[in-house]
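Participant: TrEMBL lists these features:
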type	residues	note
SIGNAL	1-18	signal peptide
DISULFID	Cys24-Cys39	disulfide bond
DOMAIN	53-199	domain 'Cupin type-1'
BINDING	His101, His103, Glu108, His147	Mn(2+) binding site
BINDING	His103, Glu108	oxalate binding site
Amino acid sequence: MLKLVFLSFLLLILTCNASVQDFCVADLMGPESPSGYTCKSPANVTATDFVFTGFRKAGNTTNIINAAVSPAFDAQFPGLNGLGVSIARLDLAPGGVIPMHTHPGASEVLLVVQGSIVTGFISSANQVYVKKLLKGDVMIFPQGLLHFQINGGGRTAVAFASFGSPNPGLQITDFALFGNKLSSALVEKTTFLDDAQVKKLKSVLGGSG
Ligand SMILES: *[C@@H]1O[C@H](CO)[C@@H](O)[C@H](O)[C@H]1NC(C)=O
Ligand SMILES: *[C@@H]1O[C@H](CO)[C@@H](O)[C@H](O)[C@H]1NC(C)=O
């Protein structure tokens, strides 16, 4: 009798273990919510879902900022959906800059793997924390704070940024302010810039109004 109880207990533990959700690979066809995507059926999950190969090539830095951010967030890397982490590759050509930006959803750890990068963030108290990072150096950027990266030398710099969220978000301040359709009059009021400056920035950054 005791043996039977023990065996049933063991069976219960084993079935419980089998039903544990180890992962929730994103079903990119399904709806997306602030907590991520719905899960793909485990029967359809393969090793490929847990591998991202998009960092083999450098990002295209032929653009206005001479830099590229290649994200491996949940939308690009379904396997990390729901797991609380993600990663991005940064390429900065000489003179390249990742302009002032925030990730509303996560803190960031930046690791420089080539060249050097001048980077920093601004706290809520408007204190500035800036450093020149060399290859192998790491800096942390607290969640939601404005920060930037600038190529610190004459050669291409490469870094990887990891985040404490599968979807940290990215809002580049200049584009948010001037790449939009808010009327120039309101942008002038809210930024204290004059009409000519606002119109110039809107035309450079793709805004209108
Ligand atoms: C697995 O994928 C196939 C092909 O996309 C689909 O037809 C099938 O319904 C999926 N299975 C489950 C259990 O979702
Ligand atoms: C990089 O982007 C520029 C501008 O969009 C484009 O002209 C060029 O072909 C791209 N280079 C590569 C290698 O994709």
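Cβ atoms are placed via backbone N, Cα and C, with glycine included.
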Participant: At the Cα level, what's the spacing in Å between Cys24 (disulfide bond) and His103 (Mn(2+) binding site), rounded?
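Facilitator: Counting only the Cα atoms, the answer is 23 Å.
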Participant: May I have the DSSP-based helix, strand and coil counts for the residues of the domain 'Cupin type-1' (53-199)?
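Facilitator: When I sort the residues of the domain 'Cupin type-1' (53-199) into the three classes, I find 22 helix, 57 strand, 68 coil.
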Participant: Quick check for you: of the binding-site residues His101, Glu108, His147, which have their Cα within 10 Å of the Cα of Cys39 (disulfide bond)?
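Facilitator: Near Cys39 (disulfide bond), where near means Cα within 10 Å, there are no binding-site residues at all.
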Participant: So which other residues, same chain and not among His101, His103, Glu108, His147, have a Cβ within 8 Å of the centroid of the Cβ atoms at the Mn(2+) site?
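Facilitator: What remains near the Cβ centre is Thr102, Phe121, Phe141, Leu145, Leu146, Ala161, Pro168, Leu170.
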Participant: Work through the disulfide-bonded residues one by one (Cys24, Cys39) and point out the residue whose CB has the fewest other CB atoms within 10 angstroms.
Facilitator: Cys39
